[in-house]
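Going by TrEMBL, these are the annotated features:
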type	residues	note
REGION	30-117	region 'Disordered'
COMPBIAS	47-59	compositional bias 'Low complexity'
COMPBIAS	67-78	compositional bias 'Pro residues'
COMPBIAS	98-108	compositional bias 'Basic and acidic residues'
DOMAIN	121-487	domain 'PiggyBac transposable element-derived protein'
Amino acid sequence: MAEGGGGARRRAPALLEAARARYESLHISDDVFGESGPDSGGNPFYSTSAASRSSSAASSDEEREPPGPSGAAPPPPRALDAQEPEEDEAGAGWSAALRDRPPPRFEDTGGPTRKMPPSASAVDFFQLFVPDNVLKNMVVQTNMYAKKFQERFGSDGAWVEVTLTEMKAFLGYMISTSISHCESVLSIWSGGFYSNRSLALVMSQARFEKILKYFHVVAFRSSQTTHGLYKVQPFLDSLQNSFDAAFRPSQTQVLHEPLIDEDPVFIATCTERELRKRKKRKFSLWVRQCSSTGFIIQIYVHLKEGGGPDGLDALKNKPQLHSMVARSLCRNAAGKNYIIFTGPSITSLTLFEEFEKQGIYCCGLLSVRKSDCTGLPLSMLTNPATPPARGQYQIKMKGNMSLICWYNKGHFRFLTNAYSPVQQGVIIKRKSGEIPCPLAVEAFAAHLSYICRYDDKYSKYFISHKPNKTWQQVFWFAISIAINNAYILYKMSDAYHVKRYSRAQFGERLVRELLGLEDASPTH
């Protein structure tokens, strides 16, 4: 028994790193762009951890080669002959002649669309996205499902139809797991570390378990429904409409997969039996996110078990899947001159040209291994035999599209039609001062950095409850995103200047208000 426990403890560091690998692979710290040394440990576009190399995060096209026998230096990357003709590239429209171009005009004023009063509570902000009419529908659907379930499998004498007040309390209990980071919401009624007597008195554990057993957003499939997420899709549509109505994004936005892994500290303390019980998610969740505020504008869920040529299994790690995801996330962005930042799995010339025709501009990191490089000049995708000096770069242009190859302890390539190739930027380093770069590189690093900070701050507040049913997993992830968005609006409102709650305090306050304990104040 002790041996098994020791094995779990030995695995804990690896589990902890795996849980954070996705964040680390995107992380931009003060040591940005490989300032730390030859191992590129501080590189924002890839991590030195093995787990992160398989992630869809950005990466350098030429990561470190493993040393040869006896520590021999790796062979230099293949270079194109300097005299190689470029007729093919010229014929495709690519040219080294650069021209200035103005940035896309953007005159909209981003931010909340509704001015909330200074007295607005946490639940007021939450109900901008999950109002009472949505909760009442959950009450109706849950009661319908309970009735049909009992008609089929036998009467449940302990069941009483759920009310709106109970449904709010039920949500409050689930949300509380995002603050305490306990996997089992039933810990509230236990006598252990995560017990909470003040919350436990609102509803009995037996009543909570009954509501949990029958909880539904859509009780039954209609004859016209074929979507695998039919039990949660109406809620996702309602949530999307609420996001659109409550907030106008800034011009710059990011497409990415948010960090929704379980709390790493919790995973590191899991027993081996608990880890075996945990099942891999059957869906992929992507978002379009405002890079200046962190507000998630749009959610897209793709089932891994989806069949057909557009199923995730058929398209996994292929450009078709990521292009489809990008189109879905940007379907409401046409004609607004937004600038969308993308990672290498989405970046492609074909997609960017398609978006430009719709009034959507892009700036994406390009990877020879992960990106669709169709239509790009080969000379820009191959590294020279002799690495250039730090900060040097080469640019070729086709129409409004610029392909940038920038060197900083590794070759980084960017594709953009949002920034002028002749405009200069800098990466400011503590050790080496300013490193010159095109403006697109500076903009990409700055906006990706914001999303990394968002992941670091808000990802730990995702609801910890992990049901077996896929639609319920999606539902609780969506609720978590709604709460994070509610907090972002709260911080932009007058209410924040009255009572400056942290994210944890805001969550505690929301839980207590949903449970009818408004007089309780958050702990400090």
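Placed from the backbone N, Cα and C atoms, the Cβ positions cover glycine too.
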How about long-range neighbours of the compositional bias 'Basic and acidic residues' (98-108): same chain, 6 or more residues beyond its ends, C-beta under 8 Å?
248, 251, 336-339, 361, 395, 397, 400, 402, 418-423
Stretch-averaged pLDDT - the domain 'PiggyBac transposable element-derived protein' (121-487):
86
Can you count helix, strand and coil residues in the compositional bias 'Basic and acidic residues' (98-108) using DSSP?
0 helix, 0 strand, 11 coil
